[in-house]
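S.K.: Questions regarding the structure given below will be posed in turn.
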4 protein chains.
Amino acid sequence: MVKRIGVLTSGGDAPGMNAAIRAVTRVATNIGLEVYGIYDGYRGMVDGKIKQLTRESVSDILDRGGTILGSARLPEFKDIEVRKKAIEQLDKFGIEAVVVIGGDGSYRGALALTDMGVNCIGLPGTIDNDIASTDETIGFSTALNTVVDAMDKLRDTSSSHHRCSVVEVMGNRCGDLALFSGLSSGAEIVITSETGFDESEVLDRLREFDVVKKKNHALVIISEKITDVEIFARKVSQFTGFSGRATILGHVQRGGSPTPGDRVLASRMGEKAVDLLMQGVGGQCVGIQRGEIVGVPIEEALNMPSKSRKDLQNLFDRLV
Amino acid sequence: MVKRIGVLTSGGDAPGMNAAIRAVTRVATNIGLEVYGIYDGYRGMVDGKIKQLTRESVSDILDRGGTILGSARLPEFKDIEVRKKAIEQLDKFGIEAVVVIGGDGSYRGALALTDMGVNCIGLPGTIDNDIASTDETIGFSTALNTVVDAMDKLRDTSSSHHRCSVVEVMGNRCGDLALFSGLSSGAEIVITSETGFDESEVLDRLREFDVVKKKNHALVIISEKITDVEIFARKVSQFTGFSGRATILGHVQRGGSPTPGDRVLASRMGEKAVDLLMQGVGGQCVGIQRGEIVGVPIEEALNMPSKSRKDLQNLFDRLV
Amino acid sequence: MVKRIGVLTSGGDAPGMNAAIRAVTRVATNIGLEVYGIYDGYRGMVDGKIKQLTRESVSDILDRGGTILGSARLPEFKDIEVRKKAIEQLDKFGIEAVVVIGGDGSYRGALALTDMGVNCIGLPGTIDNDIASTDETIGFSTALNTVVDAMDKLRDTSSSHHRCSVVEVMGNRCGDLALFSGLSSGAEIVITSETGFDESEVLDRLREFDVVKKKNHALVIISEKITDVEIFARKVSQFTGFSGRATILGHVQRGGSPTPGDRVLASRMGEKAVDLLMQGVGGQCVGIQRGEIVGVPIEEALNMPSKSRKDLQNLFDRLV
Amino acid sequence: MVKRIGVLTSGGDAPGMNAAIRAVTRVATNIGLEVYGIYDGYRGMVDGKIKQLTRESVSDILDRGGTILGSARLPEFKDIEVRKKAIEQLDKFGIEAVVVIGGDGSYRGALALTDMGVNCIGLPGTIDNDIASTDETIGFSTALNTVVDAMDKLRDTSSSHHRCSVVEVMGNRCGDLALFSGLSSGAEIVITSETGFDESEVLDRLREFDVVKKKNHALVIISEKITDVEIFARKVSQFTGFSGRATILGHVQRGGSPTPGDRVLASRMGEKAVDLLMQGVGGQCVGIQRGEIVGVPIEEALNMPSKSRKDLQNLFDRLV
């Protein structure tokens, strides 16, 4: 049975990653395992940047954003020679299994390592909520809070100036951050890869808000990677009665003290990861599905179709 | 088919009630219904404190705590004569069906009115999360945020003074607010009606945290109605190495701008309530179960056993 | 003696403007004056968008961002014919004196109106803190909070990725928002019009933070209108060991519930404005100087040199 | 000239103490001094709980509440024998001068040590703003924010229930926290040691708010140590039309991430303390007076009369 496990964070960081690291460490040490932190993601695994974690090393991190282990991307990890070096390092430290906290890309590495004999479990750590095998990712709740907080502020100033705020939010082709923040902030229009973006139709609707509905401001939320919001805001000024202003929220969305929701979710998922490893399971990722914490084979997870939000998009339209 | 509906808030107020009022009003007016706000709960129904709500009257309330309709308790509503007066008022205003936002007590009134011919749908608005027919109530997420925010502050000052903070949180016999805030704040001990309270055992554990684990502070969270936290804090000072300090969070827990989670939940539930009324359904309450918005007969809901949190209590113990 | 006064907000909006409107209205009505709200700044004065304000109309606005009166810029107000139309409207409503809440530009209008016989008092409402006649403007404290909150979040994520965040903040050529947020967030470098911007010198210092001081992240704050932060962030990636990322905080800085500091400052200044008008004074602006609320002739105020922050810049350098 | 200094925090902790510790450490080490942290206040000085602080040991504490050095009260420090032991420890570590961050009581110890040959400088670290020699103490701004945040929440729920919230805030006989939070939250009544407390007169005013002004809620803020707010709230229920509810904010007021205001103030004061020590000055405390950072002889500071807030109390009355 496993005696010593590693834990790492990989890809873009997300609030709640520290809560997950803490849960993995506490749950594992409480049943007698040793836990090692692998720093800077897979790169640190290859380079042997590895140190033991104790009960105390994860004190006071539950409420901290970012990740105490650091994170990085390492595309070369696809190369089997690179992975062999990583496994040499794990062997050197006696690490028999690893918990990988990150996004889809990190899962592929976890699966490849499992196939090479080191059981790995993936935890969904990303603000984008773009992982099909879980209803919610660690970090999404906090990022949503941050976005809505910004929207509440923009609404103050927009309504003082008959302005249309055009706001770009993250999501990496997943529209959830845009749609949920639109529902939460009472936005007038939400644009995601699922809704599509028909510029002239959106401008028409804005004109209607201005002329027919007599709104003194409008809030348009657009998922990243769909259009250039600066250019679109200029068109709003040109073709509607509103003065258009673009805001790109940017990396602020990745930071901040995790919400209670993210802290609890990360703790539950961290517990599950350790339990799976103790059962000799590898190559799975943890998700929450319909309220329940589950393990899903990574292969299966990577092939799941992304969730449709037609119902919530429909609700959004009924609330405007 | 229903043409005109009423909406009221009843019992203790909860953040997100306004979001629910807004959703009911917007969804209903968008399909051609007329919506009337009934002020100060069932009391206002009896007294005829009733005014029409429009699209515009619910603008800018999505992010506001409290309830624009006011709330009150009216124990006399159990009396059929009182309810008859209420129905007279509804008839006078032409209100054919009502959405009632509140707790268990409010549901009973909604059921009684339905039995008398006015279809009512209940929405779970309470910070206590003490309604068995829904996994989460409107207001719980916000109250949890408020409590955890206070815990984060108490931890700062406790750890500066080798202090044990003993904090009483709300919940009305439901331990969720205590347990979830304990998980989220890294508390040392959580006491709910489900865990029970063995005073000398708790003092023993505190001594262990002090002497064996060398902790420089401790956080104990206790559900309301279990013990007098002032007296218990004094015992902590007397019988352990910590200086005990009691904090009763009180009504602050009921206020605040709702979290995005509460805003979305309230919006989804408000939509469901209108849809049920349009289908001619009454005497049901709306809940979220395993991620899905459902309608449950109130009679059934009131008889459901309360949820056990053994699994999360167990997780809590594994994380300390 | 004056019986009826007007109040308007002009220029960019700032948190605390509502608190000032409330103070003007309450203080004035409590001594028997009538108060009229002039909507959308000087434009509304010209167009006669004017309505009476009562004690009640300013309830519940103390904690709201933005301005309930709306704001706008009206460059044509420099034209005496336009101002004559404005005075006709004031006459029509019987408004004998006006409180103007806004920035430098708004003061000029207030002075011009005073010269034409309508006593006006200016209040400094702008987040930029760029008014020489006051140590602090209404809105600066809140904007500073918003900026520092964003910095705290960026630091989380920057330190997880060996990243250099390059952040553009507002200030309209006044460096206070940059400098105070730099001091408050422990930034590595602050660039204002007073410090100047020597690109290669800044890149040198960043290399030193990376190589010599072994910092795992760096935060550079730049006042708006100094350089293109996107381009500069790319140079950071190219010429230092950090990965540079630009963030433009944008209009979020103008919104949000005002801090207690802004609420109190706005209330004190609103009181002073009414007192000055009651003494028959016009053409002055209110400021806080060395802790004291004072009236300063606008002409004098507009010619004051801007404050130097050499001492705080020096403190910043001693803290890095 | 001094080569090695100590720094300690004493008395009740306050947000911003860490910012002051950081400033003392950074400013001192940047000019070549060595800095030692003395843990748990004067007690740690006596017990020799002393460790070196470096540039790095104060990284990442600027935004943290509490004090990394811990704090304690040690009444026995009045005893010269106890102080002699303390000085022995300082000698042992080669500490020639000390910065003491705390309240009035801490200043006495600092003065006594100075008289015995170890130059000490006091910094005003307390949320109570009860130190006459400074216009503002480190921690006051943050505590005020916390209180106003709670008031904003209480107002939500009070106005939903025709309730009168009676809130006890800290201040240790100084009414500033009550008065400033009253101004900031639009409270109906503020009671401090300066206003005095005439119970029946306050009940009269509440009745007037209810019956004459038709207010649907009322907020009464009372400084600690004036009356029992639980008992008073019951009288409100008994003798007015409002339902009275007491809230004792408690130790939550001492915690939390410091506001930018407190971070900057603490940094400026920490700088001044080091500068004074380098000039060979001892027995002084640092204050901010009319915007300027000054050193004041402790003896003089302890004899200053407390500030009157008649003007702000008057403003409060004009705003209700």
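Quick reminder: no glycine exception, Cβ is built from N, Cα and C everywhere.
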S.K.: May I ask you to find which of C:Arg4, C:Arg155, C:Arg245 TrEMBL records for the ADP site already listed with C:Arg22, C:Ala23, C:Val24, C:Thr25, C:Arg26, C:Gly186, C:Ala187, C:Glu188, C:Lys215, C:Asn216, C:His217?
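M.R.: Answer, per TrEMBL (ADP site with C:Arg22, C:Ala23, C:Val24, C:Thr25, C:Arg26, C:Gly186, C:Ala187, C:Glu188, C:Lys215, C:Asn216, C:His217), from C:Arg4, C:Arg155, C:Arg245: C:Arg155.
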S.K.: Using only what TrEMBL says about substrate binding by C:Thr126, C:Ile127, C:Asp128, C:Arg163, C:Met170, C:Gly171, C:Asn172, C:Arg245, C:His251, C:Val252, C:Gln253, C:Arg254, identify which of C:Glu194, C:Glu224, C:Glu230, C:Glu271 is listed for that site too.
M.R.: C:Glu224
S.K.: Which one of C:Gly6, C:Gly12, C:Gly16 goes with C:Arg73, C:Leu74, C:Gly103, C:Asp104, C:Gly105, C:Ser106 at the ATP site, as TrEMBL has it?
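M.R.: Between C:Gly6, C:Gly12, C:Gly16, TrEMBL records just one in the ATP site with C:Arg73, C:Leu74, C:Gly103, C:Asp104, C:Gly105, C:Ser106, namely C:Gly12.
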S.K.: What is the set of residues, excluding C:Gly12, C:Arg73, C:Leu74, C:Gly103, C:Asp104, C:Gly105, C:Ser106, whose C-beta falls within 8 angstroms of the centroid of the C-beta atoms at the ATP site?
M.R.: C:Ser10, C:Gly11, C:Gly41, C:Gly102, C:Gly109
S.K.: For the domain 'Phosphofructokinase' (C:4-277), provide the mean pLDDT of the predicted model.
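M.R.: The answer is 96, the mean pLDDT of the model over that range.
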S.K.: Near chain A by Cβ (under 8 Å): which of the binding-site residues C:Leu74, C:Thr126, C:Gly186, C:Arg254?
M.R.: C:Arg254
S.K.: What is the total of other Cβ atoms whose distance to the Cβ of C:Arg245 (substrate binding site) is within 10 Å?
M.R.: 22
S.K.: Please identify, among the binding-site residues C:Arg26, C:Arg73, C:Gly103, C:Gly105, the one with the smallest Cα-Cα distance to C:Thr126 (substrate binding site).
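M.R.: Going through C:Arg26, C:Arg73, C:Gly103, C:Gly105 one by one, the Cα closest to that of C:Thr126 (substrate binding site) is C:Gly103.
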S.K.: Which one is closest to C:Gly12 (ATP binding site) in space, judged by CA to CA distance, out of the binding-site residues C:Val24, C:Arg26, C:Met170, C:Arg254?
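M.R.: Its closest listed neighbour, by Cα, is C:Arg254.
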S.K.: Would you mind pulling the DSSP three-state label for C:Asn216 (ADP binding site)?
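M.R.: SS state of C:Asn216 (ADP binding site) = coil.
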S.K.: So which of these binding-site residues, C:Gly12, C:Gly186, C:Val252, get their C-beta under 8 angstroms from chain D?
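M.R.: The binding-site residues close to chain D are C:Gly186.
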S.K.: Between C:Gly103, C:Gly105, C:Gly186, which of the binding-site residues has the fewest other CB atoms within 10 angstroms in the structure shown?
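M.R.: Minimum Cβ neighbour count within 10 Å, taken over the binding-site residues C:Gly103, C:Gly105, C:Gly186, occurs at C:Gly105.
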S.K.: List, in sequence order, those binding-site residues among C:Val24, C:Arg26, C:Asp128, C:Gly186, C:Arg245, C:Val252 whose Cα sits within 10 Å of the Cα of C:Gly103 (ATP binding site).
M.R.: C:Asp128
S.K.: Return the residue, from the listed binding-site residues C:Val24, C:Leu74, C:Met170, C:Val252, with the maximum count of other C-beta atoms within 10 angstroms of its C-beta.
M.R.: C:Val24
S.K.: If you count Cβ atoms within 10 Å of the Cβ of C:Arg22 (ADP binding site), leaving out that atom itself, what do you get?
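M.R.: I count 27 other Cβ atoms within 10 Å of it.
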S.K.: Ten-angstrom check, please: count other Cβ atoms within 10 Å of the Cβ of C:Arg254 (substrate binding site), all chains counted.
M.R.: 26
